[in-house]
Amino acid sequence: MTRINLTLVSELADQHLMAEYRELPRVFGAVRKHVANGKRVRDFKISPTFILGAGHVTFFYDKLEFLRKRQIELIAECLKRGFNIKDTTVQDISDIPQEFRGDYIPHEASIAISQARLDEKIAQRPTWYKYYGKAIYA
């Protein structure tokens, strides 16, 4: 599973922040593999709106600039929180065709969907999730 959230990185629980930091770069690798196999953006069914579940990762295939910028924010936030992260480099995506390197500005409704999913996860284990190392709900 690869998680890409739309919530501000500064508002993510520590666990969500680390998970996204680890998982987001997988999308760059997946797109590179598809490009190497001759795929173009038009070969994918990309939802016109943000979705969770099936199609969630594919939604971002033509939005790699958004993901690149988000990875910069994730790394900065991890360092700000004092996390010991090993990889602080942001992937150079200039080798990927331009049609995949679009930017994205999430709509408020999309951000709300993303936040609702995070809230749902936190509600399932309220004492486990932390923010700056402190329990969100003690």
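Cβ coordinates are placed from backbone N, Cα and C, and glycine is handled just like the others.
Annotated features, as they stand in Swiss-Prot:
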- T2: active site, nucleophile (ACT_SITE)
- R3: site 'Substrate binding' (SITE)
- R22: site 'Substrate binding' (SITE)
- E23: active site, proton acceptor (ACT_SITE)
- R26: site 'Transition state stabilizer' (SITE)
- R117: site 'Substrate binding' (SITE)
- K121: site 'Substrate binding' (SITE)
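Overlay of Swiss-Prot feature records on the structure.
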residue: T2; record: active site, nucleophile; CB count, 10 Å: 15
residue: R3; record: site 'Substrate binding'; CB count, 10 Å: 18
residue: R22; record: site 'Substrate binding'; CB count, 10 Å: 14
residue: E23; record: active site, proton acceptor; CB count, 10 Å: 14
residue: R26; record: site 'Transition state stabilizer'; CB count, 10 Å: 14
residue: R117; record: site 'Substrate binding'; CB count, 10 Å: 18
residue: K121; record: site 'Substrate binding'; CB count, 10 Å: 15
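Using CA atoms as reference points, the recorded positions T2, R3, R22, E23 were checked against R117 (site 'Substrate binding'), and the closest is R3. DSSP assigns R3 (site 'Substrate binding') to coil in the three-state reduction, outside any helix or strand.
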